[in-house]
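Pasting in a structure now, in structure tokens, and then I'll have a few things to ask.
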């Protein structure tokens, strides 16, 4: 690259230093001869060439020289031969300390340190998050640099750019004084030990501080340690698993109770029977629960590992001529460097460095101006802040990145050694540009880049559309904010126009890690060298040395878990990793979920425990508290507590857990819900208790597939069937171009109009309609932000597709193609439309201005100039009086009705379309003269330069010059297709008593349309919209209105919701939960989760959240029950959810059928298990009373264990197969679900009914057994135990509503098992008595008296007050 031609007047040479006797004459030059830039007066003293402070005369001379240089900046002294500087330094070094010592104590010395003197593989990872295979540049400490703003040295920067480097003593001499590190060469070694300790101390401090902004050196090692890029959804670690799970288990009251009972058996005085009787059941319960938790967590880790092991291509920047493998000697670090002394200078081979640079100066050897770029593959977990990654279409972005370059996929452009184009030179040699020009040069470069991209032919435009040199790429953010609109992302012109190998000169400044996914503010700086980029110094544009800065906004970023949608190759630098990414900060940590039924049973067991204690104390009290020798009253109480421990049934947890597994199996095997997965098997009963459903919109209620359904042009409306007529009008309008003898003629609005007027044989009305239709189609084909792309399908055929930030726009452009006008090519400066039938270009426009859609403006506009003829390579038509300049605008009817000219049909038609659930857009246009456009353009430019009120000023200019009396062309209706059976599903859920809220990140209008079309809002229901609330008084007024209209639907945006959640939290939620429907739009993921938590806390009802995108994960995890849909937005929500389904309509079956059954079955099972434990405890009580209140065991050891396991377990567990109604009735009468929410199936009332039944049956069985046989003995035990087991089997049969073959088998098999085991129970029962008739009539009499009254009471109650399910069955 040629050196700049500007010359400077020679500066006055300074006096030679008085105190340096052995200085060489050829070294006696001032640094000003190398850096003639202005010097601040504040710099009282400058370093001499060798770092010594000059005397007063030299300082004065330096000041004079500086003044002379700054006074006249258009001349330059002749260059000083670098050879002279080099060799004189070498000679001088030989006289003094040796060359390697020179300048090593100065801050600038590090700039000469070989960036590859450190081996990346041995780099201490504590200090850096630079990748192992990445860059080997040394870490420069913060305090090594001057705290004052560093001025770039012109000479050093120029030499660097032409392929040379200054030695350390030169760069050190340009540095300014700083308050520490001011040692000279002689005392440098003396302070070595102290310096090492300081360095180590400094390194300890350099942990990343997340609360501060960060500096990221592109493609280099970082001086700060950042967290690794690891995704983790696991609940436990190897160390925390046992403590956490055991704590969770023993936080349940009855687990703790049984642990205490088991431990009590270690005390001989309290021991009753075998120790294993009490320990084995507890161990069994714990093993099952812990095993389930471990399995779930291992599955989560496996899914995380898949994401963390994804391979990515990282760019590695190596020094030219020295690939890492060929430099073994240079890769070794000195001991001092390894200890963290980042000031250590590689002193070896300094002479060979000089000789190399000499050769390069004379034209020998490889040029060293650029770095060699190579590609290495890395796993996502190994990516580090500062890595430059290469992304292509379909790649998931692994961390939060800033886009640096977008390269076309053409082979020429992907080569990393791309030739620097002439217009890029200002970026590389702009040291002399004054500060004011810094921005303009960058703008010029970007303008030239976009200019070069916008060729007149469609080929050039195609290249731009592919994301070539215009720095554009599209991303999909559906995993982040739920919007499947493609978002346009831009590379900064500063990095886009920089050769790839020069990217290491860039430095990114970003804010602290933040959860705001729609905001980012940062700076991109282009610095003179890689070493500068790796420092933490501040540089100012205009300091010289090629410092450039450009702002970075959200448009320059791509957050983690977004997906690249463009074909262009995107180069991006990682700024935030792992837990500091936007998506990680927006996601709540996963938590263990416990069902409501568990809590209810927990409270019931506390009552049972109190019963046990009361019973024990009462029995001891009857005997008296007098303590005989060896018979202490409190020991008796403890023994009674152990005897009655069956009252609190440990088998309850086992039975319930096994029941949950059965329910999960039913859900996953249901043919009506293919693909359903249960990920959290602990809460299926909660599916039957849901009262609030919080749903995402995009992809959950809708398919996110847009289709143009209707177009209205004032007098006539065209729906799907009549689009052929529209196509005929368009064909007719394109005739001037297609039938003309001049093959270069193009259609403009005026030629289209004249052709319509000359249509022979058509009525005047028909001609007018035809003209309107063509105008509106042309407007829709031009007024958008869509870019056409061509891609190959699986079979290798080229398929045209469209990229845009909104699916609405793509739907409209697809529709214009279907009626005959196709978008052929598009770039920032031009657009070409072709006839779909012939493929011939018929319209070409020059894009003069674009006004993009904003949520505040709700409209988008474009100013275009039509080309009258198509000629390749010709300049665009001048803005003369004859040129056709048109302003097209489309937007929401609410804003457009005030902008378009007066009409009598717009409001009515938009209301009609809105009722059909269509998203309406109003289209208008206005013709501008060249003079009007020039005036507008000047005013608009002026407003865009304002410092304050810029946005309002620019909008005011647009409103004044453009948005007045637009010609109304028509209204379009676009449908967002709903998921299958959404309307009936929502209606059924509402009838089931579930209140439905829709929380979406989408726009207000879109949310309203979907709420109407999905019948979430009933026809004619009042929708109260609350948007853009910023004042508390306005918020309070809206709240009062809501309280008075409890039948209204609330539509609220994220900003207003944030205000309410901050200031009127409880008031807002109290009003909102009364409403039938709430729609919240523009919600952040954290807001969604907060709403879910708020409803739970306020209402204490069960909340279910359903979603399908990564932005729904927080909400799903915050809910009592999270349901994920596997959809277009990926599997992230489904993986984080408790239940995963494939369609929204499956939710109704999941709740109304599976949820209802799970809850009712578990409630019956729990009460039966309690009854089973209570009845044997009542028998024990009767026995103790008969023995004079002695704590002796009735059914010991095997009889006790066998009763709860072998003899009753299977029949009781078979109750999980019971059902009261069939699936059809459950769906037909969703009101059956509503009554479950009251919790009547398991309440204190039902619980005490079961307690009474248990007491009655227990007293009767034990009492009669003792009366009919003997008070104590094996005959009594035989009658009592047999009656007890058979009573339980028959009670199960009485309780069953709908018989299942498994129930019959389990009851019969258990009975046979009992009969078969009796011969082995000789130690407990009188086997001889079992063979007598007396035994059988006694058992029969006891069972009759126990069961007949119980069954009769049940039949009477069912007749007098039948349950709801009996009513719908008509029984």
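The backbone N, Cα and C atoms fix where each Cβ goes, and this holds for glycine too.
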Among 242-259, 260-277, 278-295, where does TrEMBL put the label transmembrane segment?
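Within the set 242-259, 260-277, 278-295, TrEMBL attaches transmembrane segment to 278-295.
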Does the transmembrane segment (607-625) reach the transmembrane segment (637-656) with at least 3 CB pairs under 8 A, where each pair is 6 or more residues apart?
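Per Cβ check, the transmembrane segment (607-625) touches the transmembrane segment (637-656).
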At a C-beta cut-off of under 8 Å, are there same-chain residues at least 6 beyond the transmembrane segment (1165-1186) that contact it? List them, or none.
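Contacts of the transmembrane segment (1165-1186) (Cβ under 8 Å, skipping residues fewer than 6 from its ends): 597, 601, 604, 608, 612, 615, 619, 622, 640, 643-644, 646-649, 651-652, 655-656, 659, 1192-1195, 1200, 1203-1204, 1208, 1212-1213, 1215-1216, 1242, 1246-1247, 1250-1251, 1253-1255, 1257-1259, 1261-1263, 1266, 1271-1272, 1280, 1284, 1287-1288, 1291-1292, 1295.
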Where among 637-656, 1198-1217, 1247-1265 do we find the most Cβ pairs under 8 Å to the transmembrane segment (1277-1294)?
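The listed stretch sharing the most Cβ pairs with the transmembrane segment (1277-1294) is 1198-1217.
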Mind pulling out the one from 637-656, 1198-1217, 1247-1265 with the most Cβ pairs under 8 angstroms to the transmembrane segment (1301-1321)?
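Answer is 1198-1217, with the largest number of Cβ pairs below 8 Å.
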Give, as a single whole number between 0 and 100, the mean pLDDT over the domain 'P-type ATPase N-terminal' (222-275).
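The answer is 82, the mean pLDDT of the model over that range.
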What residues in the same chain, six or more past the boundaries of the transmembrane segment (637-656), come closer than 8 Å to it by Cβ-Cβ distance?
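Result: 252, 254-255, 257-258, 261, 264-265, 269-270, 272, 278, 281-282, 284-285, 288-289, 597-598, 601, 605, 608-609, 611-613, 615-617, 619-620, 1162, 1165-1166, 1169-1170, 1172-1174, 1176-1177, 1180-1181, 1184, 1191, 1193, 1200, 1204-1205, 1209, 1212-1213.
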Which residues of the same chain, at least 6 past either end of the transmembrane segment (1198-1217), have a Cβ under 8 Å from a Cβ in it?
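Answer is 273, 277, 280-281, 646, 649, 651, 655, 658-659, 662-663, 1161-1162, 1164-1165, 1168-1169, 1172-1173, 1176, 1277, 1281, 1284-1285, 1288-1289, 1292, 1295-1296, 1300, 1302-1303, 1306-1307, 1309-1310, 1313-1314, 1317, 1321, 1324.
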